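Visitor: Copied straight from Swiss-Prot:
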- 176: active site, thioimidate intermediate (ACT_SITE)
- 205-228: NADP(+) binding site (BINDING)
């Protein structure tokens, strides 16, 4: 069965244009609804320590973008929820599945966040299912995102447990080495895995990992994603919390994976690595460029909104999209 699945990734696909029906790309609507909220773009900066902190989260929320705060400053999560609610902003946090997280979730009853993401590397597990059920019992109004997974069976099981959305992607990210360390994952066929999982889904799918260009966002939506989580494209900005490093007169920001020894603080069960990225400028400029490029994608799709991307045809051009050019 598995060997019958078409295997391809982002660089192997080109979308086929339809007749344009808008006079300017600025007429294209890139907004997306998740739960009871509408956001400006279908993108989420990865919930990683070198991508997002409280300041970046607040900026994103103020500007109408979705965000997920990482879970690695555990004692700061509850004050963060209060801070966001005091400012009239949505609170979106991450939790793990260890025993103490159950008490933490229960403690949120008086000030429940709008979104909770259960964030572990291998999300198709009883521990995630039990945490979904616990959150839904304690905080029934909270939107639960669960992951990460890579199969239709996992999507169905997490949805049946009560997840409101599932996050698809096992190790396709730029600083993730799961496929090398374990032999498992969706690295190299993330887009095909997304297509496979979305066919089984009844609720939103969040594509997580493997995004290298803005065009990959449109491709993700074409193959079933409601939103797209992105790491490396959001790393390295002036506002990014990664450490600033100077090498031969050029400034770089650190970017490391959520299962790296740099994040974990120990050399144990490491599935991530650290790299240096040239400082890119302001996050706001990248978000604006993403929106403009996605508006262009919608115009090529022959529509006015994101849904038009779901209906375009495509061709598989194995590894030839760059024609030898680097990106």
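Here the Cβ of each residue, glycine as well, is placed from N, Cα and C on the backbone.
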Visitor: Only counting partners 6 or more residues apart, tell me which same-chain residues put their Cβ under 8 Å from the Cβ of residue 208 (NADP(+) binding site).
Guide: 46, 147, 148, 167, 168, 169, 172, 173, 228, 229
Visitor: Please name the residue among the binding-site residues 220, 226 whose C-beta has the most neighbouring C-beta atoms within 10 angstroms.
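Guide: That would be 220, with the highest Cβ count within 10 Å.
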Visitor: DSSP three-state call for residue 214 (NADP(+) binding site): helix, strand or coil?
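Guide: In three-state terms, residue 214 (NADP(+) binding site) counts as coil.
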Visitor: Output, ordered by sequence, the same-chain residues six or more apart from residue 211 (NADP(+) binding site) with a CB under 8 Å from its CB, or 'none'.
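Guide: In sequence order, 10, 217, 220, 228, 230, 231, 232, 233 meet the Cβ cut-off.
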Visitor: Taking 10 A as the limit, how many CB atoms besides its own sit near the CB of residue 205 (NADP(+) binding site)?
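Guide: Other Cβ atoms found within 10 Å: 25.
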Visitor: Looking at Cβ-Cβ distances, which residues of the chain lie under 8 angstroms from residue 214 (NADP(+) binding site) while being 6 or more apart from it?
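Guide: Sequence-distant Cβ neighbours: 233, 289, 290, 293, 294.
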Visitor: Using a Cβ-Cβ cut-off under 8 angstroms and a sequence gap of six or more, which residues of the chain neighbour residue 223 (NADP(+) binding site)?
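Guide: In sequence order, the residues whose Cβ lies under 8 Å from that of residue 223 (NADP(+) binding site) (at least 6 apart) are 191, 194, 195, 198.
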Visitor: Per DSSP, to which secondary structure element type does residue 223 (NADP(+) binding site) belong, with helix, strand and coil as the options?
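Guide: Its secondary structure by DSSP: coil.
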